[in-house]
């Protein structure tokens, strides 16, 4: 009778090139381009993109890794990621807010009863910038928010130089934001999702 304890594990030897073929085959089974809500498992990839995009410019990040995990656990439906062959290349993370204007608390809180989606961060991987991906993702995200009956508007804060970019999507400046980060100051912008639906119908997107 064969004693299984005497069996020794042996390495599996594949023909030359087989492993490369299998890896390629696995990649080819992934969708070339996919949009989906993020999960806590996507947090590390999102933070790496965000850190590279923001630290070099402003010295800080809108969200740090534990905060990303926090929001993707509480409200993953308020996020959207763009994946190319399974790799995250751009994303937006949001949460619900229940006051008219943003406050320091809004940076870390999710208010389930709120009607306002607070966009914490939009970031694009460095190799995919200057290709219009941020614009496409933001259109899709606003459309995604519009499909959620509880969400009536979107709000964000940005530096003055980015205000014209967001105005193209129906956002309107409502004045200086009460939030400051170090020496950085921001403009607060709001967008009615009803207004966005009109713009989208007339944009050809």
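Heads up, residue numbers simply count up from 1 along the chain you see.
Glycine is no exception: its Cβ is also placed from the backbone N, Cα and C atoms.
Annotated features, as they stand in Swiss-Prot:
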type	residues	note
BINDING	122, 157	substrate binding site
BINDING	122, 123, 124, 130, 131, 132, 133, 134, 135, 166, 167, 168	acetyl-CoA binding site
DOMAIN	33-194	domain 'N-acetyltransferase'
SITE	118	site 'Important for the catalytic mechanism'
SITE	120	site 'Important for the catalytic mechanism'
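Overlay of Swiss-Prot annotations on the structure.
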| residue | record | CB count, 10 Å |
| --- | --- | --- |
| 118 | site 'Important for the catalytic mechanism' | 24 |
| 120 | site 'Important for the catalytic mechanism' | 22 |
| 122 | substrate binding site | 24 |
| 124 | acetyl-CoA binding site | 21 |
| 131 | acetyl-CoA binding site | 12 |
| 133 | acetyl-CoA binding site | 16 |
| 135 | acetyl-CoA binding site | 15 |
| 157 | substrate binding site | 25 |
| 167 | acetyl-CoA binding site | 13 |
Spatially closest candidate among 120, 131, 133, 135, the listed recorded positions, to residue 157 (substrate binding site) (Cα to Cα): 120
PLDDT averaged over the residues of the domain 'N-acetyltransferase' (33-194): 95
Three-class DSSP secondary structure - residue 120 (site 'Important for the catalytic mechanism'): strand
Residue 122 (substrate binding site) and residue 135 (acetyl-CoA binding site), Cα-Cα, nearest whole angstrom: 10
Distance, residue 167 (acetyl-CoA binding site) to residue 118 (site 'Important for the catalytic mechanism') (CA atoms, angstrom): 16
Assigned element (helix, strand, coil) containing residue 157 (substrate binding site), judged by DSSP: strand
Per DSSP, three-state class assigned to residue 131 (acetyl-CoA binding site): coil
Three-state secondary structure, residue 167 (acetyl-CoA binding site) (per DSSP): helix
